[in-house]
Amino acid sequence: MSPPAARQRYIANKHENNSLLKKPKKFLNATLRRENEKSGAAKTNNRKYQNERSPENVNVGVHTAFKTFVSARLCSAICADISDCDETYNYWEPLHYIIYGQGLQTWEYSPQYALRSYTYILLQGVPGWIYERIFHPTPILIFYMVRCMLGFGCALMERFMYKSICQEFGVHIGRLWLIFQLFSAGMFISSTALLPSSFAMYFGCAALAAWWQQMYALSVFFMAIATLLGWPFAVLIGLPIAIDMLWRKQMFRTFFMWSAISAATICIPMIVIDSSYFGKLTFAPLNILWYNVFTSHGPNLYGTEPWSYYIVNGFLNFNIIWLLSLLTPMMLVIDFIVVPAKTKSTLNFPRYITLAPYYLWLVVFISQPHKEERFLFPIYPLISLCGAITVDVYQRIFYRLKTLMVQIKAGTVGSHYLDHTMFIAILVMVIGTLLGLSRVFSLYRNYHAPMDLVMELNHFKNSNEYRSSRLYNVCVGKDWYRYPGSFFLPARNFRIRFLKSEFRGLLPAYYADGENATRITHPYFNDMNQENDYMYFPYENCHFLIDFDADKCTSLEPCYSKNSKDWSVMKSLPFLIQEKSNSFFRAFYIPFLTDSYTVYGNFNLLKSKKMKPS
């Protein structure tokens, strides 16, 4: 006979999986209570009523969860800053070009390399283009409209995933995952980022959710979208799905038929669109794979990091949930030994294959020399899932040890393990939520200044000094990578310009004027990240200048705001000086303490006192 804890877990999982899809009856608990009271409240009925009220039966409906996800993602769309310059120059700038006919072009979009796909940009660009043509809003409104659209799409994926997690892993794990997702700083950053890695997260995790519900055809199709339209490396997420279909289930016909249908549906339009933009036959996913895997230089030109980079980054974005997720395999082994379940499992898949995408991704990307925060975006929801599973395992082990060491009081023989261990889940949820909110607030407080600062140019556009016939040059020097993009400029007669600084890499340049600008091959682009002077602009022709004053002045990076002869300060906002601030207190905001351990400089928007015509 199986141990009480294992037996209760089996019954609870079966009940949870069957009850999740049923529409809850109104006043069910109140009706049961009245009936029990009228019938004399027999012991058996009392026990039944107590079980109805127990923590494991407190379900958060799918629709309620969806509403909370939408609220959280819209907050991200409005408040999150752009944390990666790759998002600005490789995606927001080409999108600005598609909508307005002008924008900055990087070497990845040069026809001789063609590493990026215009098809992916068009998915976001078409709604923005329609919005612009009908309502003629300012560019900044289109920016936030696209962001809200991305956030809503992320919430749809999370709704689908929440339902699948509750069915496959249990309602309690689903509840934990819901809380971890809502208050995760990592999801706050990634959910509305215009990046292929975020796009791969949407559809890669949707593919996993479909797989857990045994919707194999939909899973293959979603995986194809994540890999071909999003990020080719997302194929790692789909590898366990393929193993399950081909090795465990031997669903050869379904796998190959839907792989062919998905490839034809996605690749044919993609090749047609990209070939039209680049002026030659182009399949962008193949080009980016070739550059990153088979070239001698590849992405390592843009910096390398030790293996500990992702450990630290994971803690910043998921705090203790990240640490718990790393322990999941070990905890599942301990759970199997301490709490053996001899009855047949209600799970559709064994844990070693359902969680394989997460650990496979970590093994591959930790081993790569070039590391970036966005490379982990596709598995962010899986971090929350594995963290939730670890918490659940801790609770089961605690309950099992308690039953072995302490005699359970009479009348609680049929109790559920959650009745005695919910304090563990609540403690983790509270700590994770507080640290997540602390991190989000710290990010907004420390790094949001550039987005607010550039929007100040809209006030100049409404002033008497503004001339619609004039071209205004907005210059950036050492802070080029903090520039949020052309959508923040108030009109098409404002242009971003780059001043020479200590940076020695390749900067973007404007698309050429006229038709077929995307087909033009420029001599100043290269794939070796080698500096080209063509991108630099004369200092004396700048009308505005964006500069972070941290009291570090060099000949190439002077403190422009101190040059009162040439510049006046239009607006100044505080911005964190990282090297002068404590690493913990700059990462997490702690009331009454953070201000004592952090130092801020002034992020300035400067206006030229000369205003020379360009």
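Every residue, even glycine, has its Cβ placed from backbone N, Cα and C.
Curation does not apply to TrEMBL; its annotations are automatic.
Some features that TrEMBL has for this protein:
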- 33-54: region 'Disordered' (REGION)
- 141-162: transmembrane segment (TRANSMEM)
- 174-195: transmembrane segment (TRANSMEM)
- 215-243: transmembrane segment (TRANSMEM)
- 255-273: transmembrane segment (TRANSMEM)
- 315-337: transmembrane segment (TRANSMEM)
- 349-367: transmembrane segment (TRANSMEM)
- 420-441: transmembrane segment (TRANSMEM)
Within-chain partners of the transmembrane segment (315-337) [C-beta distance under 8 Å, separation at least 6 from its ends]: 180, 184-186, 189, 351, 355, 358-359, 373, 380, 382-387, 389-391, 393-394, 396-397, 428, 431-432, 435-436, 439, 587
If contact means at least 3 Cβ pairs within less than 8 Å, sequence distance 6 or more, would you call the transmembrane segment (215-243) and the transmembrane segment (141-162) in contact? no
What else in the chain is close to the transmembrane segment (420-441), if you only count residues 6 or more beyond its ends and a Cβ gap under 8 Å? 55, 79, 172, 176, 179-180, 183-185, 188, 316-321, 324, 387, 391-392, 394-396, 398-399, 402, 587-590
